[in-house]
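Step one of this worksheet: look at the structure below.
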């Protein structure tokens, strides 16, 4: 199936011409020119002149992909199909893996294959002694296939015999090949670690290898579109059992990687590998992780810098190094966290919070310290620069500071006073009731109400329009404070139209839900009184209906009855609406109309159960 020069096509094209170029004595020139064209086309396709799958093979693997999309009704049919396709792959696995169509098909096929079959594919990809693993792993398409093969080790236990005394030979045959090839790949990575971890594709193979050796996997990697925004969300990992050999191999691999610790602060791909290494070890090998963290910090703090300035202050402002430090802060133990602040960051937190890159590790530090007394010192230092941080637009720092106050239960009053001052609604006291729309929009009093500071305490009515993501996050954090009187008083001054705007807004709906559900029965009743007349519109809104359901779940029986009485007259509208019909069903409003006594009995029972569980949780 290896691509050949299209001789038949050339003959057909030549037959159409009146005279072959060779007839003019230019045969050698024609061959040379044709060869240059083919070489140029190969270079343009990015294959550097290497062999590629022919069109017939590409079509075959495309049809295989289509068949995989249809699925299989019986296991036997699936097993036979996988076996037949892998028979076609045999002896040309590298060509298939490094072809775009072949790679995509193999990635989808390997999860359906047995560990033994996956091991055979890996064995062919690696060649004798794993000599070709590096070439395939560092290929844009081949790297994905190697990753997919590695991930199948998570199914190792499925193919192990239930009775250890029986079928021992089958187990070795089924999983031994895959285990052996995985260890062979790890050896190749250790022998070429610097090249692997710096390579844009090879580094991903190393990261998957670390996960598999550790016995935990996240969701498979997907090819991102050019220009697409990268979402740095920590994936949820799933644990699985591993062979004993992996336990020792992970230790060996981490030791080899630590020899290239210098690359972790200079190369983005290598930095990501070290972050994965620390994350996996923190989850599966805590003692090893502690050693790695200490060694990494020792290296970072030993670099030379200006006299009297910690090298960490330089690394924190570097895009590559700051991400590694971010991970270290997230995973480090109490003593290392305390040393980090005391010897390197103390007195510099506000400056770092104002930096476009360093502010992110400061957010992580604030979150990590919430469990310790160290947070009190961090807070006292950061609170001095809250208004400057707000002006710089680094709202993540402010939100995290509020969330840490809520988690620790400390400095909550100071945080609220600081925010009131920063948004210019602390003095006079009559401005306190304006704090909620200011916090949600992240605008100062003068900007929001378009007034001058000298005008006094009077303000004109301004409809609630601008609610931003970070403003919503800030208020949700403040809603967890012990003292929420300022927020609730401000909420009760909003007009019903503003409350409906909040309920229907992607960010505002979370705020309204948080404030209502965390209120006492009396406080919730005051808010619901303001919402009267808006329930039908809320029920017909995608976001508002969710808020209404959350309110219902936390409401008392009498409050539920008031909501139901307002909704019932609009039965036809609610039942025909795509969102409100779910509200009608969940609130059992048909029961409310026809069997009200029974409905009230059910609601009373649910209310007692909810109160019982809340008492147990407290």
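Each Cβ is built from the backbone N, Cα and C atoms, and glycine gets one as well.
TrEMBL labels come from automatic prediction, so no person has curated them.
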Item to check | 135-155, 156-176, 177-197, 198-218 - the one TrEMBL records as region 'Disordered' | outcome: 156-176
Checklist entry - Looking at 1-48, 49-96, which one does TrEMBL call region 'Disordered'? => result 1-48
Checklist entry - On the 0 to 100 scale, where does the mean pLDDT of the repeat 'Pumilio' (493-529) fall? => result 90
